[in-house]
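Heads up, the thing below is written out as structure tokens.
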């Protein structure tokens, strides 16, 4: 079947005009579709990128880089961000390669269609004009013929009646016949011309114009086909990258190792302490050998602490506030001036350095407002500044912290050595070829690198010593635990021994031995009542004090005493004289010595 519009659709000019107009409308709708799809792709990419950014950690956390499931999720977010980037690229390709081209082509197509149908209308108007001329000549020829025939009948009838009038009638009839003959000739000429125009119209002009319209329509359809192919090709172009992202997500999911993560939890939170042992029976019926100065008051104070076994910096807030409220009356203020027999250079009130930092924060906590009290509680929770040797950490965590620090220092030393070697090589090159640079310009940098190396090596030796100390203490603790020399059942905690309380808290004596020994009064039930409390420090009285209340101890100015319990924030410190007399004295009346040289001063008491 022929598909030539010029021969098959020669009489469908109006329908072709409607069809081509509908085709252009379809092209514009398809262009709008591709544009809206690109907008959807761009919006989807924007939302995916926003979602990935929302759930991506704001800053790198050590916990999230330690566990495989956190790493897998972070990898998934990164791949999702890459998918969003590919979607943005797809939207850009749709806009630049399809939408813009289709909009331009649509304008060109409208112009071309307008030209073709204008030519078709002109051709149609020409054939219609030729047809009208033919019809006019035909009607004129018909009219002239009828008039000539009528004139002939009139002439024949007049000839029979009157010869004079008959001559006139014959001349009129002859004239009519000549007009009819001329009309006939015009009609024949018009008919011939119309047939020629009609043949040219339907066999030459219309096929050419309709063929151009058909070619235009085929190009429009082909352009839509190319746009469909281009949109699919643009999406296929990003599919390998998207597939790679999906494969990376699958690999990330497969890399999750629950067993390794649970082992990592052990590595992170393992303290190295031993579980608590059995709690021994405490015989309250035994004879109490206490001095009269501390008789009933100390028993009540000890009895009130039986239910609290945690180290007081780790007690909950309500329990801490209970400890901060002293049941005793406030201590007397120090004298305005030292007594004549006192030491001339002794201060009238103890300096802030004579107390431990936690005690200072407790005193601030008691005398501050609600806002400052919250800050003090946060400070207690943080524990203040951490010591450089990490002695505040549990044994296992201390070892890991020191080992990590040593590894980082070794890496820095390696980088500094590589930089030093590079500078030395550069100096050799400058010495051999002076025009390349000045040798003296490298000396400041070399000195700086040498100083950095010296500092790092010193830090490395220090941390290695701390690590060796931690290893030795942990091995000593293990040997004591196996031999029974250190444990929770011991009456006195041995220095350097780690212990875990039955309620989950722990105490450990590393370099901060005195700091933790000062908390030993919280564990009175762990010691035998027949043995005195251990001395945690020494002190010297700055002013004389007369202990008139129950539980207090009198002292003279300049007397050296042993401290067995530090000030808990109520302004009283528990001291001992000659292993026999114990009692409480005002903290502001004494000066506490925590160094080893001060401890030696107690030997002659």
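Along the chain as shown, residues are numbered 1 onward.
Cβ coordinates are placed from backbone N, Cα and C, and glycine is handled just like the others.
TrEMBL annotations: computationally assigned, not manually curated.
Pulled from TrEMBL:
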- 3-261: domain 'F-BAR' (DOMAIN)
- 160-184: region 'Disordered' (REGION)
- 160-170: compositional bias 'Basic and acidic residues' (COMPBIAS)
- 322-357: region 'Disordered' (REGION)
- 328-338: compositional bias 'Pro residues' (COMPBIAS)
- 379-403: region 'Disordered' (REGION)
- 392-469: domain 'REM-1' (DOMAIN)
- 467-509: region 'Disordered' (REGION)
- 470-479: compositional bias 'Basic and acidic residues' (COMPBIAS)
- 488-504: compositional bias 'Polar residues' (COMPBIAS)
- 534-595: domain 'SH3' (DOMAIN)
**Fill in**
DSSP composition of the domain 'SH3' (534-595), residue counts helix/strand/coil, works out to 3 helix, 30 strand, 29 coil
**Item:** Residues of the domain 'REM-1' (392-469) by DSSP state, where helix covers H, G and I
**Value:** 72 helix, 0 strand, 6 coil
**Request:** Kindly state the mean pLDDT of the domain 'SH3' (534-595) in the predicted structure.
**Result:** 87
